[in-house]
């Protein structure tokens, strides 16, 4: 099997600067001059010919080269002529030398590319009309621009057996040109050595050697980086052509990272979801749940208002009847008799509208499903509940301590950043919690929360590692805060972070304390003053309970009085809707322009890609209409006015794609000393231990047939998933 060794043993890679692992930063005086088609350009020593050409805007054709992967140099499509050199060179792998004149469009360069393209097409099936890559295929584009206009190959073409690597990625291996991008992505970015090559020459094949599922939460990205149609999306197969779809730039809400995405739609239906570049968040990758769970947007949807009748059955009704029923209850009960719970997929506009509505009936019992300790600093200080170092900041860290989290399946793109830094920057990682299968080596310190006390006191050996670190990070998973001793865990982590700042070489602007959230709405809800957890509702059960997309099962009918009136507003008939007396159908994230705040405190917007199904409406509009019928009209009629209200309550919520720094760690640590709670002996066990736990975590992914197939393939094998035969 071909393997690209990219471990720290590679000299030079570990010292590479952020963003590009193949160039070496030098002083300006050390720049060297080269010429590209006679045009002068100053570059750093070690820059490749291809990078020098791109610096002057000259695009060199390539198949195997990718900016975020190691150099393979095996497709030879990037051959260029160097003046006075005896042979053409591979631009992606050849470092420039002073005074070189690179000829990108000489006759020798053109002839070399034509020859390479002719060899690549010799065994290619040329089945573009039935290939899902058609219209966005590098092989199509480059054969058009750099290939010959006819073929001299008259022999029989080879055929390669397709591989079954799971329900997400479709393989047509006869189209494969052995660029090895997928292999390098799996080994370097995903950290899963499942893919490789067997055979040599004409018999070379890319595959898993033993037929098995490609076990990665980032597997769908090999579809994007494949330059031909060898790897395509199984759920998307034969459904649309790229020029038929409308593309909408948006963000993902399946986790708390806020990955930037492109939603492709046709005839009012989401056809597929692709990644969008954002260097500070997801780079150009997205998780499989982000990419493939979109079919859950078409199933189990709430499309019309519903009311529970005298027989106890939910029946369809009109908006007027449903809103009048809810308004009547709000007029009958006020104050502590009215409460609300916000779920994990709720946007900031709906959160502020619901807050204003309940405040107008003299209620402040607004809760989130996720628990966050309120003892000590609680949620009063914003730096106490953010990933303060930022996602991209991981690349600057030299030590990371993970506490009670499995970032690989809770927040895959954050985990990919940790692996990137571990691979190239000698990052040292340690974990307190259940041992999990991460994509990098780490020191397992144990699973007892009491280890935190030992580290804080300095008696644990790892205390010295943190003390010697220049840029340490302590990352506490939000799942650990759901425990009964969550406040004590938070206080212990805060103490560790503050002692590191005082005793190590940490500079003033480096932030050690970090909270890693799992759901998209939590940070915005805390910014708006929602109470974390539903304990207040359990202690004082209300007469009217508003469930805003609350499908986490944090509260049941048994927790409430029999006469409690429950309103569910959301987009899926999942956990919350069956217990409701009135259902108000809302819009999903692809159907509204809405604000979400990710785990690092960065506000971003989703955009309208399709209209909500049936009679469903945007959440803030439903709440606004309800307030008018109830006689407590909210003072906004448009989205801009709602966002003005957001700005009044929490200005950072409308500073899009910007992170407002928070630095109250010393104050938070002082307040944490007031926490009167003991750490329990129970081990720290994150809820998502294996990849099986990754696929179905919210109302959208639980409604997805594709995600259900993934769970079945993981538990029973890829062969257990029956795929429809397409002729």
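Note: Cβ is positioned from N, Cα and C throughout, glycine not excepted.
Together with 176, 179, 182, Swiss-Prot lists one candidate of 137, 226 for binding [4Fe-4S] cluster 2, that being 226. Site annotation (Swiss-Prot, ligand [2Fe-2S] cluster) includes 75, 78, 92; from 53, 64, the additional listed residue is 64. The Cβ of residue 131 ([4Fe-4S] cluster 1 binding site) has 19 other Cβ atoms within 10 Å, all protein chains considered. Counting Cβ atoms from all protein chains shown, residue 124 ([4Fe-4S] cluster 1 binding site) has 21 others lying within 10 Å of its own Cβ. Excluding the listed site residues 64, 75, 78, 92, the same chain places 62, 63, 65, 72, 73, 74, 76, 77, 90, 91, 93, 179 with Cβ atoms within 8 Å of the centre of the [2Fe-2S] cluster site Cβ atoms. Each of the binding-site residues 64, 78, 92, 137 was scored by other CB atoms within 10 A of its CB, and the lowest score goes to 137. Long-range contacts of the domain '4Fe-4S His(Cys)3-ligated-type' (108-147) within the same chain: residues 61, 63, 75-77, 79-81, 88, 153, 157-158, 170, 172, 174-175, 177, 202, 226-229, 232-233, 236-238, 241-243, each at least 6 residues beyond the stretch ends and with a Cβ under 8 Å from a Cβ of the stretch. It is 24 Å from the Cα atom of residue 124 ([4Fe-4S] cluster 1 binding site) to that of residue 92 ([2Fe-2S] cluster binding site). If you take the C-beta of residue 75 ([2Fe-2S] cluster binding site) and look for same-chain residues 6 or more apart in sequence within under 8 angstroms, you find 62, 63, 64, 65, 116, 120, 177, 179. Rounded to a whole value, the Cα-Cα separation of residue 92 ([2Fe-2S] cluster binding site) and residue 128 ([4Fe-4S] cluster 1 binding site) is 28 Å. Residue counts for the domain '4Fe-4S His(Cys)3-ligated-type' (108-147) under DSSP, split into helix (H, G, I), strand (E, B) and coil, are 27 helix, 0 strand, 13 coil.
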